[in-house]
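These notes are about the structure you will find just below.
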Amino acid sequence: MDVLALEAKNVNGAEAEKKSAPRPKPKAPKKAKRIVYFEVEIVDLKTKEKLLLLDKVEPTATVLDIKALFHKAYPKWYPARQSLRLDPKAKCLRDEEVLQTLPVGTTASFYFSDLGPQLTWGTVFLTECAGPLIIYLMFYFRLPFIYSPKYDFTSSKHWVVHLACICHSFHYIKRILETLFVHRISHGTMPLRNIFKNCGYYWCTAAWMAYYINHPLYTTPYYGQQQVNIGLYIFLFCQVGNFSIHVALRNLKSPGSKTKKIPYPTKNPFTWIFWLVSCPNYTYELGSWIGFTVMTQCVPVAFFTLVAFIQMSVWAKGKHRSYLKEFRDYPTLRSSILPFIL
């Protein structure tokens, strides 16, 4: 009986200790973070007139989001047509830039300018390439009003003329197919007015080349078939190389991604030139036109090749500088377009 009483006393004591023990205080609910909204003012770059005031813009909004809000107020200015900048003399802001990362306070002023009607780059590339393809074939088949009437729809007796037509057509058909199925174009649009300049250059030079190569009085290369073969081998080698580089650059980006990466050689030997140049697609493109020049021995082709080299060198230098600026570990051995030279 004493044992039972002792056990009951111990139990009661334990329960008393539990009751007397302090209970942990419940945690106070976390306070919600206060979102600081922005006030965005859009001003006309030329007139300095205030066009729109956007209130309570979220700090995570991108420049593209702001363009979309501006488009709602002014439907004629769709996002691709808008240029926004923080200062009248500054560069245009990229669509992916975030409002809270820009050097502005909670009240931001954007300067707007109209870029004019826009075309997608895919449309531009297709138009640029389809023109030379069709124009060259018009001269090859010697349509009326091009040469003397007695040569209408006649065919050249020189094999190199037919070979040149095949190579020229192959080049532009390849570019059209690459535009449709290979290229991932990062730039969305281009001003409509630029297409006349671009197409004018490509179409006119194609007509100039085609006129002389397909002319009834065209003379074959000085060194004959050997010179034609050398030019053909250079052309074909560089066309395969150019295609290989385009595929490698495509595989570097996932669909819809704008993340930039350093291009490196792959298992394809044609891409090994990446060890030496930043823009081997231009290197191979230049080589193709050099081969075409050797094969046809035509002055207009040589002129086109020279102008193309100058223009591609400008593009390649710009791309090379961009790589060096964006990537600290960018390979220092690389040149822009010509290994160890340029």
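Just so it is clear, glycine is given a Cβ too, placed from its N, Cα and C backbone atoms.
Marked as domain 'TECR-like N-terminal' by TrEMBL: 38-114. For the domain 'TECR-like N-terminal' (38-114), the predicted model reports an average pLDDT of 90.
The feature domain '3-oxo-5-alpha-steroid 4-dehydrogenase C-terminal' is assigned by TrEMBL to 189-342.
Feature annotation from TrEMBL assigns region 'Disordered' to 9-28.
For 119-141 (among others), the entry in TrEMBL reads transmembrane segment.
If you look up TrEMBL, you'll see 230-249 (among others) marked as transmembrane segment.
The transmembrane segment annotation in TrEMBL covers 290-315 (among others).
If you look at the transmembrane segment (290-315), the same-chain residues 6 or more away from its ends with a CB under 8 A from one of its CBs are 160, 163-164, 167-168, 171, 205, 208-209, 211-213, 220-222, 227-228, 230-238, 279, 282, 336-337, 342. Note on the domain 'TECR-like N-terminal' (38-114): DSSP counts are 17 helix, 29 strand, 31 coil.
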